[in-house]
Amino acid sequence: MPGKAKLANKPREKCGVVGISLEDRDAARSLYYSLYALQHRGQESAGIVTHDGFQQHEHVEMGLVGDAFDESDIEQLPGTQGIGHVRYPTAGGVNECCAQPFSVSFKSGSLGLAHNGNLVNDGEVRDQLEARGHAFTSNGDTEVIAHDLARNLLDEGLVSAVRETVQRIHGSYSLTVMHGEKVLGVRDPQGNRPLVLGKVDDGYVLASESSAIDTLGGERIRDVEPGELVILEPNGAGYESYQVADKPQTAHCFFEHVYFARPDSVLDDHLVYEVRRELGRKLWEESGIETDVVMPVPDSGRAFASGYAEAANDVGAKTEFAEGLMKNRYVGRTFIMPTQGEREQAVRLKLNPIKSTIDGRTVTLIDDSIVRGTTSSQLIELLYEAGAEEVHVRIGSPSIIAPCYMGIDMKTREELIAANRSVEDVRDEIGADSLQYISIDAITKALDSSSDDLCLGCVTGEYPYDIEGEDLDRDISRPTFGSADNTAD
Ligand code: SF4
């Protein structure tokens, strides 16, 4: 029987991972640059673990990558291979115990582990490990994976040990692991979280997004397959691939394409920017309205808005694509500010209207999603204050009605504006003249996929895993395990 997952009170992870093996130069600087490229995936902490052939070295700090490392920190991380991690803020504030990579020493060596995702049966695995004498220093699921893998490595070879851990842990994960001089990349059997393999001139890279590989001047080779283990050989000598779990139906997170990933990343063979533009085109086809101007909520709505305006102009609509909201680049995403008060203040800190684009005109405002609705209603208010005659809102994702249990901070239903409201009620709440979301059908078409191969949990309430407390109309071809309490957050 699955154990009760401790999801409710633990940090929600949305992280970036990287692993690098290079021929004859230290990997730390490349890891550092990669973490910069993945900074959008987590701003609470950053860390690097390297191995110099003799021992493991680590530096893990709270804060942005640029604050967590200085030159001497990088110089003190010798070794031609290593892993790195950036981590998302916790709901309750910073939490140093859960900064990663997580390191553990055991009888036959050391292990560093970086994790993006969320297990749904970590409580059960933790209980079993504790019964065998393992002592934990945090309540995070990453430590559970590290201990389980370390235990397996005592008795088995590397591939068998990983295979065994993958059989035991359930949920979403992309891992990079430093074991001895080898760097490992593991993607969960449903491919819920992204992981990409790439090549640089003198070695190989594993990263959450291909933009990290681009940053190093490298090239993406391919996505790591669901349930695949990729081992980067020491000194950039090559890589090996092993399928360590059966591939059930995939459950790629559609929201990576809509919001989280960088537009210049290629995930699961799709350039995110093109997916967003295509969704914008489909948004016009499904619910286009001719207004004087179409404008994005920067930056996340930009690709959608350009696709939408292009499709509108293709059929003769005289709608102008223009920037109407200017962004202060030094303020973070409102979606990941820790408290509601901070989020509200941040909207006005972050965006300022360009009056000449807006005054006396009808406006279509395009965004990728509406989560709490706070940002949308404040932006609409800003547009009216700047003289907009009408404000119509079009959204590049279906309405978000349910939390995420796969490692994304989607909060509780109470905090989701669309959870218990009709589209008309949400429109009224945010103060728009009209509001339309894109359909799930458009999402699946833009990703050349089917709804069965995507995780759409936050827009359908149907998850790829059995989540206790959720009212599921589940696809029985998917594995069911684990449980979660969604009543507290
Ligand atoms: S529930 Fe939503 S955000 Fe979470 S993994 Fe699924 S699609 Fe992604």
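Placement of Cβ uses the backbone N, Cα and C atoms for every residue, glycine included.
The Mg(2+) site in TrEMBL is built from D367, D368 plus one of S287, S300, S439, namely S300. The two recorded residues, D367 (Mg(2+) binding site) and C404 ([4Fe-4S] cluster binding site), show a Cα separation of 20 Å. In this model, the domain 'Glutamine amidotransferase type-2' (15-235) carries an average pLDDT of 93. Closest in space to C404 ([4Fe-4S] cluster binding site), of the recorded positions given as C15, S300, D368, is C15, taking the CA atom of each residue. Of the listed binding-site residues, namely C253, C404, C455, C458, the sparsest Cβ surroundings within 10 Å are found at C404. Cβ crowding, taken as the number of other Cβ atoms within 10 Å, peaks at D368 among the binding-site residues D367, D368.
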